[in-house]
Each structure stands twice: as C-alpha cells, then as structure tokens.
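Colleague: Structure below; questions to follow.
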Amino acid sequence: MRSVPNIFISSLAVGDLLLLVTCVPVDAFRYFYEEWIFGTVACKMIPVIQLTSVGVSVFTLTALSAD
C-alpha cells in the first residue's frame, strides 16, 4: 500500500476533501444570501485554499502520469 501511485492518489483525495470541506459550503452559502458573514480573513483565505487545491491536484495528476 505504500507505493508511489498510492501516495499520489491519497494526496489527491486529501486535496479534494480540503476543497469539499472548506470551499463548497461557502460557495453554496453565497448563492442563497446577499451579505458575507464569514469575515475578512475568510474572504481572503477561501480563494487561496481554492487555488492551492487546484494547483496541488494538477501537480499530483502530472506526477502520477509521469510515474
């Protein structure tokens, strides 16, 4: 179970779970309410988490296909 492809796949799963837990509820909330209640820090951090998750996913898929 500790092979390189399994590590890459688990990294991809963790990145997807991070995106699912942090960003999806906030994005869903934005469609139903007009005002932002999460504060300034969340306003800055949510896009950072989204872009980091996408970057890690692309890098992981590239490394997995190269392996």
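Counting starts with 1 at the first residue shown.
The backbone N, Cα and C atoms fix where each Cβ goes, and this holds for glycine too.
Reproduced below are the annotations present in TrEMBL:
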DOMAIN    1-67  domain 'G-protein coupled receptors family 1 profile'
TRANSMEM  7-33  transmembrane segment
TRANSMEM  45-66  transmembrane segment
Colleague: I need to check the long-range neighbours of the transmembrane segment (7-33): which residues 6 or more away from its ends have a CB within less than 8 Å of a CB in the stretch?
Modeller: 42, 46, 49-50, 53, 56-57, 60-61, 63-64, 67
Colleague: So if I exclude everything within five residues of the ends of the transmembrane segment (45-66), which remaining residues of that chain have a CB under 8 angstroms from its CBs? That is, six or more out.
Modeller: 5, 8-9, 11-12, 15-16, 18-19, 22-23, 26, 38
Colleague: Check the domain 'G-protein coupled receptors family 1 profile' (1-67) for me and report the mean pLDDT.
Modeller: 87
Colleague: Per DSSP, what is the residue tally for the domain 'G-protein coupled receptors family 1 profile' (1-67) in helix, strand and coil?
Modeller: 56 helix, 0 strand, 11 coil
